[in-house]
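What follows is one structure encoded as structure tokens, with my remarks underneath.
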Amino acid sequence: MSSGMDWLQVESLDLEAQGVAHRADGKVVFIEGALPGETVQVQVSRRKNQWEQGVLSALARESSQRVRPGCPHFGLHAGACGGCKMQHLHPAAQVAVKQRVLEDNLWHLGKVKPERLLRPIHGPAWGYRWRARLSVRYVPKKGVVLVGFHERKSRYVADMLECPVLPAKVSAMLPALRELIGAMEQRDRLPQIELAAGDEVIALVLRHLEPLSAGDAARLRAFGAEHGVQWWLQPKGPETVHRLDEGGPQLAYSLPEYGVTMPFKPTDFTQVNPQINRVLVDRAVRLLAPQPHERIVDWFCGLGNFTLPLARRAAAVHGIEGSETLVQRARENAAANGLAANTSFAARNLFEMSADELMTSGAADAWLVDPPREGAFALAKSLAELRGREGWTPPRRIVYVSCNPATLARDAGLIVHLAGFRCVAAGVVNMFPHTAHVESIAVFERSEAALSPRPVGEAAPELAAEPAPDAVA
């Protein structure tokens, strides 16, 4: 039996940014804090027949990619924040790891190999997170209020005085937020503050379990005036979110290259990283290459993040989204940006899309697909079922933006092997630096095979089935 104090050679990182090594007997060891190429010892916390898990305890050979973390709350120490997992790895190396995760998932789960790799999309590693959900905890025994992310592998809130992945103004505001909550009458009934920042406005959504007193409302107003933030309140579910006081500037972000401004509410889905979102939108539009005479369908369109820029280039864009509320907001955004004439929107459950429904709603020259983590299985499956059907012409190109490499790989397998498309390109988007989250973009082009039925008896590779498994490390 191997000793927990054996020196191990770290081979790779898994999806949780843990180092992966093997003992002499072949057992896999997952090591938090270790990097590929390092020789380490591990303090084992869990043991199973085939694997072990633990924390880096000693380091004999250090990776050249190891860097000093940029936040004092990051690390393996007790009480460390669990919001980031990769601050000890050079940002360029983080991108390389995510690219490998994408390629491995496409191949192992979808049996798909892109014809070329896209240049990774990346940007500033700090101050990028314009959306965040911060937990709040009043600790009576210590007489303090904690505001921040949870501790690593814990339900407790980390004792944070700064957070460099948040906008600098918000990071610097954390101590003042703690003081504010500590002074409020309802301090033990305020579990969460959600950040939603736009180009000009920083909105904070306060979740409160009891009605706020007049005194507490006055404290919020004074804080907002001093720190330049807009308060929203959430007494119950997301549908109850409302402004503390009406008036003032509107929460919005812009896509300057396309002359688009997108008003939104704090509860609406918007990308965490606005700088990367601008680059991503431009990359997606250029890859889709809509022509002035073409019709585009934007699946999972949300507020119109891709719909409206595409409408600047194409004859018509039809956005489809599961939420009627978001569809209405997308219509309003299209009208506000002068794009109502060549955009249309519809609410539809895209997780139950049948081939017949796709036949009537999916006819277009090109598709933009931007699903949530669950992916677009029903859409990809129906596309495959329509292959060769009389009266159906599949889109010439599909650009698929993904926030889960496992479901992208599953759907890519259907699109390539059963629907008859080629995966001509794929690449990563580092939307969340210092985390293990992998965002990506893939491009599929219609081949001649997509226009004819799949040959009877043609063998298909064994593909990942619905629901998708966890991503491959």
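We count from 1, first residue shown onward.
Using the three backbone atoms N, Cα and C, a Cβ is placed for every residue, glycine included.
As recorded in Swiss-Prot, the features of this protein are as follows:
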type	residues	note
ACT_SITE	Cys403	active site, nucleophile
BINDING	Cys71, Cys81, Cys84, Cys163	[4Fe-4S] cluster binding site
BINDING	Gln271, Phe300, Asn305, Glu321, Asn349, Asp370	S-adenosyl-L-methionine binding site
DOMAIN	1-58	domain 'TRAM'
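The CA atom of Phe300 (S-adenosyl-L-methionine binding site) is located 35 Å away from the CA atom of Cys71 ([4Fe-4S] cluster binding site). Cys163 ([4Fe-4S] cluster binding site) sits 19 Å from Gln271 (S-adenosyl-L-methionine binding site), counting Cα to Cα. Comparing local CB density within 10 A for the binding-site residues Glu321, Asp370, the maximum falls on Glu321. If you count neighbouring Cβ atoms within 10 Å for each of the binding-site residues Gln271, Asn305, Asn349, the highest count belongs to Asn305.
For Asp370 (S-adenosyl-L-methionine binding site), the nearest neighbour among the listed recorded positions (Cys81, Cys84, Cys403), judged by C-alpha distance, is Cys403. Sequence-distant contacts of Cys84 ([4Fe-4S] cluster binding site), defined by Cβ-Cβ distance under 8 angstroms and a gap of at least six in the same chain, are Cys71, Phe74, Val165, His434, Thr435. Helix first, then strand, then coil: DSSP counts for the domain 'TRAM' (1-58) stand at 0 helix, 30 strand, 28 coil. Of Cys81, Gln271, Asn305, Glu321, Asn349, all annotated as binding-site residues, the residue with the shortest Cα distance to the residue listed as 'active site, nucleophile' is Gln271.
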